[in-house]
């Protein structure tokens, strides 16, 4: 195993815990950025390109028949193939958190429809499901099983917000474990079925799941209810006969107490488990090899890489499977860089030296998945954990159009509980959602006066229609205090005056002078 540091040329602030990676034909794409997408990349999906130990991000595009895909963090993600040996596949994306911390219950199918050296185009489709549809959640897993020539997706675990009927003012935004139900999703008919298994007693989140044929192995995870990371190891077997599916669960020995671990596949039957946490204040620096053979699983400890002092002493770490036995790891660089939300990144290669060298020559592209924004919670909180799943049967672009966040307006996140004005009545202890788009934080809008400052939309007496219009329209907004001042400082529009031609009454003056002279001559003769 080898560890190599890479430097993010720009936009490393977008690579925060909670993101995901998609691998299409050896190209790795980043999804789930911090904040809403900007004009330079409205899709929120970037190609990650690593050359000469430098990481660059390039925007991608959606086809015209694609639906809108919000940037989701902590979603469940896996590949979907028509059969276990098919080379063509698409990604399933379910659940996750939006930049507003709303939870999604939608499910998307995403595929790469065209690519060249200048442009990558995706098609994203939202699937409508019926039956026992899983509630909105994050920190869960999704896998695809194949049995008797048929395929189904399996969703398990995760967390969701406390039901509305059980919320209190003090715990309005608290999260709970989802019920330990197993959901089978049939994309062919668009229906979901839930199963309650007696072996699954506690809800789990940020666990690891590995699928092979008709079997899924679930390892580790964290339970909020008990605040434990039990050495869980479950074996889910799904049988898909002509009638109703059958789901069975077996508890296996030899599990590992870990949450937020990362799994990468190095060959057809062998996987490597890295990263994660033993407890709230202890990272897990040990690595393991997982072997799946003949419906059996074997987990053994393997030699770990030489972790750098920065990795050993950092409080949190995160990362994602890059595919082909490589992992992208990130650690915060708060005290070492001018940008407070910048991170350091490393590539961990789990294959042998010769295989690593061959892979490095064939492709210099990497990507990652992620966890939640460290700024939203304290280090080692469970909200910062993430989950990864792997399918046992899965698995030089020009520097043009590199995304540069510096070209965008500053949309940095500020405190939601500030006193935005003299009439501000937003209090963290008593606030309840006012707009339908709010969940656990009040809606805010940027006032363009001077250097700009944030105000609460509710304090500005904005209607929901006007708030949505301002968020979509490319116009400047001024708060109640500065709207009149702004009008007074506006430069009046320049009025263009028509050029008038001067009048030339020369002939009339000459006639008048002639008449006066004739009159004087007549009078002189009369009196003589």
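For all residues, glycine too, the Cβ spot is worked out from N, Cα and C.
Remember, TrEMBL labels are computer predictions, not curated facts.
The domain 'Recombination activating protein 2 PHD' feature in TrEMBL is assigned to 415-492.
Cβ-based neighbour count (10 Å, all protein chains) for residue 456 (Zn(2+) binding site) stands at 23. The feature Zn(2+) binding site is assigned by TrEMBL to 420, 424, 447, 453, 456, 459, 479, 482.
Apart from 420, 424, 447, 453, 456, 459, 479, 482, the Zn(2+) site neighbourhood in this chain, defined by C-beta within 8 angstroms of the site C-beta centre, holds 421, 445, 454, 455, 460, 480, 481. Fewest Cβ neighbours within 10 Å among the binding-site residues 420, 424, 447, 479: this applies to 424. Under DSSP, residues within the domain 'Recombination activating protein 2 PHD' (415-492) fall into helix, strand and coil as 16 helix, 8 strand, 54 coil.
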